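Colleague: The following feature annotations were taken from TrEMBL:
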type	residues	note
ACT_SITE	Tyr222	active site
ACT_SITE	His230	active site
ACT_SITE	Lys261	active site
DOMAIN	11-77	domain 'TSEN34 N-terminal'
DOMAIN	197-267	domain 'tRNA intron endonuclease catalytic'
REGION	131-174	region 'Disordered'
Amino acid sequence: MTETKKARISRVGGDKYLVFDIEDVMSIRRNHGICAVLTGTMPQNPTQNLFLGLPIELRAEEVKLLVDAGAAYVVDELAEHLTAFGKSREEQQKYLDEVKEKRVLAQRAYDEEKERIRLLHIDKVMAAKKNKEKRKKDGEVGEESSLFSEEQQEQEQEVVKKEKPLPGITPTTSENLVAGMSHVDAVVEVPDHPFYPFYKKMNSRGYFTTPGLRFGGDYSVYPGDPFRFHAHYLANAYGWNEEIPMLDLVTSGRLGTAVKKSFLFGSEQPAPTPEDEGDVRMFCVEWAGM
C-alpha cells in the first residue's frame, strides 16, 4: 500500500497558515473534513473579491489537527525560501541555461512566423504584379494609377522590412530554480491552541466547521460538507474555569434561534495527569420564546 502524500502547509508572517496545492486542498477537505477559507485572487478577474481562489488559510487548531494526524507538515516559508534560493554557482548556471534555452525556442518560433509572413506577402505582391501587367496589356491602367501602384508597393516592402524586437523571456515560476519541494529543511512545530480540544472533538464526530463571525460565534458547525448542508450550530469554546456571564448565554441563545440554529458551547475538563486527554463537555442553548 502506497504512503499517502502529506499536505504542505506554509507558515507566513508567523501566525498565518496557507495551503497552495490544489491536491492538498482536496485531500484535506475530503479526508479530514477541513474546509478552511479561500483567500487568493481569481486570475480571470483579479479586481473583484466576491469569489476567491487559492491559497486557503487554515486556523491554528486545524493545522494542529492535521499535523497530529500525520496528514500534513508545516514549513516556515521565509526560511524555506532563503534556503531554496541560496544555490551554488553550478545550480544558478543551470537555471540560466534553461532560461536561455527557452529564449532560443522563442526566437526560432518568431523567425518561422516571420518567414511565413514574408512568403505570404511575396505571393500577394506577385499576384498583384501579374494582375497589373494583365490590366496594362488590356489598356486599363494609365500613368497616374501606375505611379500610385509603385508607391503602394514600396510602402508594403518597407512594412516587411520593419522588424519587431523579440520580447524578453520572463520566467513565471521558480520551479526550475528550486530543486524540489518534497524535502523539508524548515519544518516547524505547531503550538497548542486553547480551542484545539473543542475543535478536535467536533471534527472527530464528523462535523465540518467554518469561521462563525458571520453569525456571531467562533464557529459555524455543519453536519457534513457545507456544499451540501446548512449550519446546525453556532459554537463558542471556553476555558474550563472561565466564567460565562448569564447575559452572554441569553444573547447567544437568542442569536442562534434568530438565525435558525442552536448555540453550542463547550470546554475541556482538565485531565488527571498530563499524559491523559481531558474530556470535552458540550451544551446547546436555544431561546424558547422565539
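Just so it is clear, glycine is given a Cβ too, placed from its N, Cα and C backbone atoms.
Heads up, TrEMBL stuff is auto-annotated, nobody curated it.
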Colleague: Using all protein chains in view, find how many other C-beta atoms are within 10 Å of the C-beta of His230 (active site).
Modeller: 10
Colleague: Cβ distance under 8 Å to Tyr222 (active site), same chain, sequence separation 6 or more: which residues?
Modeller: Tyr207, Phe208, Thr209, Thr210, Phe229, His230, Ala231, His232
Colleague: Note down the number of other Cβ atoms within 10 Å of the Cβ of Lys261 (active site), including every protein chain shown.
Modeller: 22
Colleague: Can you give the mean pLDDT for the domain 'tRNA intron endonuclease catalytic' (197-267), rounded to a whole number?
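Modeller: Residues in the domain 'tRNA intron endonuclease catalytic' (197-267) carry a mean pLDDT of 91 in this prediction.
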Colleague: Quick check: in three-state DSSP terms, what is Lys261 (active site)?
Modeller: coil
